[in-house]
Amino acid sequence: MIVQRTAAPTGSVPPDRHAARPFIPRMIRTFAVPIILGWLVTIAVLNVTVPQLETVGQIQAVSMSPDAAPSMISMKHIGKVFEEGDSDSAAMIVLEGQRPLGDAAHAFYDQMIGRLQADTTHVQSLQDFWGDPLTATGAQSSDGKAAYVQVKLAGNQGESLANESVEAVKTIVERLAPPPGVKVYVTGSAALVADQQQAGDRSLQVIEAVTFTVIIVMLLLVYRSIITSAIMLTMVVLGLLATRGGVAFLGFHRIIGLSTFATNLLVVLAIAAATDYAIFLIGRYQEARGLGQDRESAYYTMFGGTAHVVLGSGLTIAGATFCLSFTRLPYFQTLGVPLAIGMVIVVAAALTLGPAIIAVTSRFGKLLEPKRMARVRGWRKVGAAIVRWPGPILVGAVALALVGLLTLPGYRTNYNDRNYLPADLPANEGYAAAERHFSQARMNPEVLMVESDHDMRNSADFLVINKIAKAIFAVEGISRVQAITRPDGKPIEHTSIPFLISMQGTSQKLTEKYNQDLTARMLEQVNDIQSNIDQMERMHSLTQQMADVTHEMVIQMTGMVVDVEELRNHIADFDDFFRPIRSYFYWEKHCYDIPVCWSLRSVFDTLDGIDVMTEDINNLLPLMQRLDTLMPQLTAMMPEMIQTMKSMKAQMLSMHSTQEGLQDQMAAMQEDSAAMGEAFDASRNDDSFYLPPEVFDNPDFQRGLEQFLSPDGHAVRFIISHEGDPMSQAGIARIAKIKTAAKEAIKGTPLEGSAIYLGGTAAMFKDLSDGNTYDLMIAGISALCLIFIIMLITTRSVVAAAVIVGTVVLSLGASFGLSVLIWQHILGIELHWLVLAMAVIILLAVGADYNLLLVARLKEEIHAGINTGIIRAMGGSGSVVTAAGLVFAFTMMSFAVSELTVMAQVGTTIGMGLLFDTLIVRSFMTPSIAALLGKWFWWPQVVRQRPVPQPWPSPASARTFALV
């Protein structure tokens, strides 16, 4: 007897309705109602006993600051050394006036500073530059219409305490009445993060509404049944409520931390995954019902065909997201545990609550009955085309992938969070106000600190400090460096050596007129000397004449002495003869009364005087002779005296000329020195910077020391501003150059070997960039390994698992390239730096789901032969997987309505990746690879290229196939 044999038909064969019932689905079906009630009670308890997820996220918000980053360590250490606080949270308060800020604005500012300093709970310290005349210009705009103060807040950035501190500062500012025409803004990184969280929480409700709208529309389009869509929505809503409640419960009790990114992604991911799993379950149930199985058999077929896929998919997503916990950046680290726990809850609900709802609702009439036959014919044609032309189809799919892959080299990221937040956020408005008067970098400076082992408050170390500031300022792209040697960003006036030298001539300048007057008096002295010379020459002439006269007088007197003696002798003779008569005149008592008597007596008395005169003349003659001897000597001395006075006159004239020349020269030198000092000041040239020791005792300068030097003087800090955006790639690239410049500047100086700390905006984002690369590598590799292991366990094929992972990676590159094309090149918005890591991890996990479902279905149908199995798998899973993929993709794209552009970018990137994975990779690439590899696709399993020959099916079976 000859038995006719043929290959198996391409339609799926319904399983035996009397097959064994596995324990788990049987228990779920048996206790479906208690399971549903248990879930409802659990959901009610979780959502009633603790606040909603958004509220818990605000209460238990964790810091987004990477504590292990060098910049963060530096900022905290700088705060500790300067005794300004130990947090990394800072805010800027900006004052903006319609006119230059005056005394009223200063009074308001002082009042505000006092209120802030009084709030020690929320404010740790202030950098009051505007309140100090020495540093005021550094905190005020060039037009005088704006000023700012930096406030160090309590709590690390992103934490609930930091957000509370931001609100406290806003409250203080709002309670004060600024002067007319002056507006006050609270901005800065801490305020921006707090506003970002509020915007994210506001957006979450809108996202949920849009997401459910998208899901309802998609389900109605796919199933054309309000009841079926309502049942699926019930499953999704219950799964979402369970996930929200569970994560909120854990967060409320401080078991896990939350962030605005975690809550946003968790909600949308839970909705999308719950919808996908509901589609998998109901789709497979309706497929089984369409093949003629009864409700119970269809239930078990559904569970047996999808449970392992849902479990594998959920574990893949949970495991991949949990890999984010291995990262170092809190932005990613805080996503790991909440998303993983949320996905575990979604999977648990999908594998217990979902089948229980299907088991209950399937007993009531035709609630879950398919309204139309599944569209398998079109997908079978796709499968047949793939089996027939696997190579060209694979090439076409790869060509489509190249559209995105070729865009990747032009990928540029952006680290400025402001660009991805609404412009009307208070912090963004504050930044905008500041940028109207300051450069963008002034609000986002870098802070470099050099810490030595000794007190640097001395002239020698200040030379090194200025050298460091100059070296940093010389770095390309640096526009401003504030330090103790340049408090307002410019060198301190009058601190150059040329100016100090010019100042030393100030006293000479003050005595210049006095010295000139003294020099002028020398001419008067010369005139006096000349007068004396003239008198001396006249005196010399007279003295010469006197000498001659004296000599003649001596000669004459010598003769006169002889004559007088001779006269005396003759008178003596006369007296001797007339002595008797003379005696009469003397004894006559009345001689006085007798005129003749008294007259003759007087004559005789006169004759007696001749002796005295002779004696006197004899005594005078030696004197005259001596005078005659001295007068020539005196006359001889006079020319020498005149010559001496003439020499004095000449010397005085020479001295006058010399002094006058010196004074003119010193005046000219003083003018050159002053001009040189003024030139060095005007040019702001500090090549010869020097501060004398007495400056350190100046009270104003000591206030400046408090701003830039630590209390013990062992550390000095520099405030550095970039020329452009510090959060750009160019700004980030300068960080290494700044460190190198500071290190090179202290070589060979007393500060050599000092510790250098650098923090700030660009330094932080450099660490984030480096950490992002590291975290992406760690999370990506760990996620790929985990996905490969799960795929390997599910498919039990090394090649199939490798193909799934490889196609997912290819899909990831293509989809991210498409996102770059749309956002960067079409919309003109660079992708935020968070997008790559978030999208990669989620796409790695979710993208593998649809390939897993296809390969799992292919594994079920492989007994019919590889090519037939591909056709059957494509026909059986095509519509379900496509519907699930589209729902998941558009659900993620609902992030586009978020106020946070970064979440819109993450959502659209994931959505485009899922569309590409669903429509290209799962539909064409993976099955074409399976067709090309043939039996090697299932290695190390042994499969047949063709099925084992079997008898022709019975007429009943043929009719069944015909229905399909």
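In case you wondered, yes, glycine gets a Cβ from its N, Cα and C as well.
Per Swiss-Prot, the feature transmembrane segment maps to 31-51, 203-223, 230-250, 255-275, 302-322, 340-360, 389-409, 773-793, 803-823, 826-846, 880-900, 923-943.
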For the transmembrane segment (230-250), sequence-distant contacts whose Cβ falls under 8 Å of one of its Cβ atoms, 6 or more beyond its ends: 39-40, 42-43, 45-47, 49-53, 56, 212, 215-216, 219, 223, 256, 258, 266-267, 270-271, 274-275, 277-279, 282, 338, 341-342, 345-346, 349-350, 353-354, 357-358, 361, 367-368
Cβ-Cβ under 8 Å with the transmembrane segment (302-322): same-chain residues at least 6 beyond its ends: 22, 24-25, 28, 269, 273, 276-277, 280-282, 284-285, 288, 335-337, 339-341, 343-344, 346-347, 350-351, 355, 358, 783, 786-787, 790-791, 793-794, 841-842, 844-846, 848-849, 852-853, 856-857, 860
Intrachain residues whose Cβ lies under 8 Å of the transmembrane segment (880-900), provided they are six or more past its termini: 196, 199-200, 202-203, 206-207, 210-211, 214-215, 218-219, 222, 260, 264, 268-269, 271-273, 275-276, 279-280, 283-284, 287, 374, 420-422, 846, 849-850, 853-854, 906-908, 910-912, 914-915, 917-919, 922-923
Recorded stretch, among 31-51, 203-223, 826-846, maximising Cβ pairs under 8 Å relative to the transmembrane segment (340-360): 31-51
Same-chain residue ranges lying at least 6 outside the transmembrane segment (203-223) that approach it to Cβ under 8 Å: 54, 229, 232-233, 236, 263-264, 267-268, 271-272, 275, 279, 282, 371, 879, 883, 886-887, 890-891, 893-895, 897-900, 903
Cβ contacts under 8 Å made by the transmembrane segment (255-275) with residues that lie 6+ beyond its boundaries: 53-54, 56-57, 60-62, 64, 158, 196-197, 200-201, 203-204, 207-208, 211-212, 215, 219, 232, 235-236, 239-240, 243-244, 247, 313-314, 317, 330-331, 334-335, 337-339, 341-343, 345-347, 349-350, 834, 838, 842, 846, 884, 887-888, 891-892, 894-895, 898, 900, 903, 906-907
Result, the transmembrane segment (923-943) in contact with the transmembrane segment (826-846) (3+ CB pairs under 8 Å): no
Selected stretch (most C-beta pairs under 8 A with the transmembrane segment (389-409)) from 31-51, 773-793, 803-823, 923-943: 803-823
